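Data block below; observations after.
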Amino acid sequence: MTWRERAEKLLIGISGMPGVGKTTLVLRVLELARSKYRCCGFVTVEVRERGVRIGFDTIDVVSGARVPLARVGTGSPSVGKYVVNLPSCEVISRALRQEDCEVAFIDEIGAMEFKCPTFYTDLRVAVDRIPRIIATVHRNYIHTAEKLGFEIIWLTRENWNSTLSTVLKALSLST
């Protein structure tokens, strides 16, 4: 049974290749959802210095708290050339455990987030407790998200607008 067939739980995962607009889509949906729902969660944004990506920050969508998630460097835990800042995991954990949340935004379900010791547990708690979740899912974690009940939409530049419409319709929002 998909989220299209059940009203009580909405778990949408947006996946796709880098640069197709997954985070942009989630931010647009969040902007519109705030007028109707109590939202929670986190988004991950690139940090650039002189046009070069040097890392990622995590932003709690409720408080606006912004913390470094990862930076280029050496050390552990790491994902590729990025070292994950474990204290940022607390912001992610709090964002997923927010009380009275009607729609959670998770950007993203991916390797850096899984370096956080409690991420999978926090994610499972959110899936059990929050009625609607919109998440970006790294392509290597699609199977993990599907096991949690997410229906995956593969985003491309060509289907960006129709995917936005699909997600907004699922949330009973209009553009």
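Note that Cβ sites are derived from N, Cα and C of the backbone, with glycine treated the same way.
Annotation note: PHE105 (ATP binding site) sits in a strand segment as assigned by DSSP. Taking all protein chains in view, 22 other C-beta atoms sit within 10 angstroms of the C-beta of PHE105 (ATP binding site). Taken from Swiss-Prot, the feature ATP binding site covers 16-23, 103-110, and the record attributes it to sequence analysis.
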Query - Least buried by Cβ count (within 10 Å) of the binding-site residues VAL20, VAL103, ILE109 - result: VAL20
